[in-house]
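Below is one structure; the comments refer to it alone.
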Amino acid sequence: MGRFIFLSFGLLVVFLSLSGTGADCPSGWSSYEGHCYKPFNEQKNWADAENFCTQQHTGGHLVSFHSTEEADFVVKLAFQNFGHGIFWMGLSNVWNQCSWQWSSAAKLKYEAWAEESYCVYFKSTNNKWRSRACRMEAYFVCEFQA
């Protein structure tokens, strides 16, 4: 009886110590602060990459950053897996919801935008953001909440 209780307690300790770690993420995914991340070694345009991420796991999307530490973790993950490269993140102006205003403070009434949308990427060598046309291809990192 004492051996059963000891074994049960031991299993409980192991289970509790694994919660909140990489054990919450599927094989091949990396865990950080309750989210799972995976860089993919194939290039897609931004929309196709986002669509791909939504198909990988419920709640999946292109990576979004909410702290320097999170960005550093993902940049390091991308570099360790694939070396140098550029990777899409989930930030874009695809929906063109920017609030534009003329320097004269006049309201924008006339528009003649080109159809080009811009999306944001990071280099696997640092976590500085840059933008490029969403139609161009890049590697990407998917994320979902564990």
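Positions of Cβ are set from backbone N, Cα and C atoms, glycine also.
Straight from Swiss-Prot, the features:
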SIGNAL    1-23  signal peptide
DISULFID  Cys25-Cys36  disulfide bond
DOMAIN    32-143  domain 'C-type lectin'
DISULFID  Cys53-Cys142  disulfide bond
BINDING   Ser64, Glu70, Glu143  Ca(2+) binding site
DISULFID  Cys119-Cys134  disulfide bond
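Cα distances from Cys142 (disulfide bond) to the recorded positions Cys25, Ser64, Glu70 are smallest for Ser64.
Of the candidate recorded positions, Cys36, Glu70, Glu143, the one lying closest to Cys119 (disulfide bond) when CA atoms are compared is Glu143. Candidate recorded positions: Cys53, Ser64, Glu70, Cys134, Glu143. Nearest to Cys25 (disulfide bond) by Cα distance: Glu143. Among the disulfide-bonded residues listed here, namely Cys36, Cys53, Cys134, Cys36 has its C-alpha nearest to that of Glu70 (Ca(2+) binding site). Taking Cys53, Ser64, Cys134, Glu143 as the recorded positions under consideration, the smallest Cα distance to Cys36 (disulfide bond) is found for Glu143. Per DSSP, the secondary structure of the domain 'C-type lectin' (32-143) breaks down as 26 helix, 37 strand, 49 coil. The average pLDDT computed for the domain 'C-type lectin' (32-143) is 89.
Counting every protein chain shown, the number of other Cβ atoms lying within 10 Å of the Cβ of Cys142 (disulfide bond) is 24. Spatially close to Cys53 (disulfide bond) yet at least six residues away along the chain are Gly60, His61, Leu62, Phe140, Cys142, Glu143, judged by Cβ distances under 8 angstroms. Fewest other C-beta atoms within 10 Å: among the disulfide-bonded residues Cys25, Cys36, Cys119, Cys134, that description fits Cys25.
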